[in-house]
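Student: Please read through the structure below; I'll follow up with questions.
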Amino acid sequence: MMELTGKKIVLGLSGGVACYKAAELCRAFTKAGASVQVVMTEAATHFITAVTMQALSGRQVYTDQWDPRVSNNMAHIDVTRDADAIVVAPCSTDFIRKLAHGACDDLLSTMCVARPRHVPLLIAPAMNVEMWQNPATQRNVQQLRDDGITIFGPAAGDQACGEVGLGRMLEPEQLLEEVIASFQQKVLAGKRIMITAGPTFEPIDPVRGITNLSSGKMGYAVARAAREAGAEVTLVSGPVTLPVPFGVQRINVQSAQQMFDAVMADVDHQHIFIAVAAVADWRIANASEQKLKKNPDGTAPDLKFEQNPDILATVAARTNLAGHPYCVGFAAESENLVKFGADKREKKGIPLLVGNIGHHTFGQDDNTIILFDENGHTILPRADKLTLARQLISEISKRISQHSLFAK
Ligand code: C5P
């Protein structure tokens, strides 16, 4: 998906070893469809050359406030006038200081001060742990927050200097996700949301089990869309191979019972619960502790099934007087979706149900979904799962803001 198509990003580099990651970030932005204008401080040019950044961005790089290539010689104004965002990555301790004080002593800092008010400034700090923790830096960082500047990271871990701790710049793919998220409406700001995703795995013995074809893609897309919308997201996930969306807390489970236990442990604190997981209806009641052997007489093992708890219905029954958590279910049917979807919403006792045709969605990157609520149903036409997930989050936010009890 070209998530940044049509976006113009000014990528500012200040001095730091993490400049090597800025090369990959520049590439990630352009691959996502953005046009990138690189601006470097003099210090940054000691870590990576303008030649590399020009080759990756496909544009001449600006490093000098007095650059004669700009016809009116006002690069600090011209460069940001049609920008959608300024991203400073890496942002050094000293550059944070400059931003906090409105300094204008090089092109990048002057450009940041001169940016139009509607152009967001997003920074990715990168520095030694002591420099990050220094009270002077923390004062400046707080000032940037107060000024409405968005700060991504930093992360903790091994540092180029050999020390360990907070101060590492986020990885390019994480920054890409954060910048994409910054363009989304924060319709769930301040909300806590729990999502189940993926299949479950019901053991038969230590090496075998029963599972299903759910890839987890839709649940993970919903988790990412919820995070992008500003929610605090807990993702309770069955076994899948997908990366965790940045900023989402994942709890790994295998069986339906484990999923049930993980959900129940924390669901009462949630504003919204979305059950996307394809939970096995039955588990093996007589699962073996040791690997089952073939019977010499050729008979199959005598497996007994028992029903798993219905996680969604149990949570829906706990919804409190304030309407928390607002419950959303998914239904994967193989036919007659409009009727089965409406029936299932009633049966589960939930305000919103998302219906889809199981074999048209499992493992696919796109899908068609139908939303069922008390007023009937609405079809969301075929699109990739992240687009549908964002539409779903927007629909949920509209419904919870209309819900008078929920608002209290
Ligand atoms: O009844 P059915 O399995 O078709 O319902 C599907 C919906 O219920 C999905 O949202 C699924 O995540 C949820 N579910 C659940 N616990 C179960 C079975 C289904 O939460 N044991």
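Including glycine, each Cβ sits where the backbone N, Cα and C put it.
Residues or ranges marked as region 'Phosphopantothenoylcysteine decarboxylase' by TrEMBL: 1-192. If you look up TrEMBL, you'll see 7-181 marked as domain 'Flavoprotein'. Per TrEMBL, the feature active site, proton donor maps to Cys161. Here TrEMBL flags 188-398 as domain 'DNA/pantothenate metabolism flavoprotein C-terminal'. Look at TrEMBL and you will find 193-408 tagged as region 'Phosphopantothenate--cysteine ligase'. Sequence annotations record features per position, and here TrEMBL assigns CTP binding site to Asp281, Lys291, Pro309, Asp310, Ile311, Leu312, Phe330, Lys344, Lys348.
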Student: Would you mind giving the whole-number mean pLDDT across the domain 'DNA/pantothenate metabolism flavoprotein C-terminal' (188-398)?
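Tutor: Across the domain 'DNA/pantothenate metabolism flavoprotein C-terminal' (188-398), the average pLDDT comes out at 94.
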Student: How many Å lie between the Cα of Ile311 (CTP binding site) and the Cα of the residue listed as 'active site, proton donor'?
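Tutor: Answer for this pair: 48 Å between alpha carbons.
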Student: So how many other Cβ atoms are close to Ile311 (CTP binding site), meaning within 10 Å of its Cβ?
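Tutor: There are 25 such Cβ atoms around Ile311 (CTP binding site).
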Student: How far apart, in angstrom, are the most distant Cα atoms among the CTP-binding residues Asp281, Lys291, Pro309, Asp310, Ile311, Leu312, Phe330, Lys344, Lys348?
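Tutor: Greatest Cα-Cα span of the listed binding residues: 38 Å.
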Student: Determine the Cβ neighbour count for Lys348 (CTP binding site): the number of other Cβ atoms within 10 Å of its Cβ.
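Tutor: I get 18 for this one.
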Student: Tell me the Cα distance separating Phe330 (CTP binding site) from Cys161 (active site, proton donor), rounded to the nearest angstrom.
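Tutor: Approximately 49 Å lies between the Cα of Cys161 (active site, proton donor) and that of Phe330 (CTP binding site).
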Student: As a test of the contact definition, list every same-chain residue at least 6 positions from Phe330 (CTP binding site) whose Cβ is closer than 8 Å to its Cβ.
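Tutor: For Phe330 (CTP binding site), the qualifying residues are Met218, Ile274, Ala275, Val276, Leu353, Val354, Gly355, Asn356.
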Student: According to DSSP, which of helix, strand or coil covers Cys161 (active site, proton donor)?
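Tutor: It is coil.
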Student: Around Cys161 (active site, proton donor), how many other CB atoms lie within 10 A of its CB?
Tutor: 13
Student: What is the total of other Cβ atoms whose distance to the Cβ of Asp281 (CTP binding site) is within 10 Å?
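Tutor: So the Cβ neighbour count for Asp281 (CTP binding site) comes to 13.
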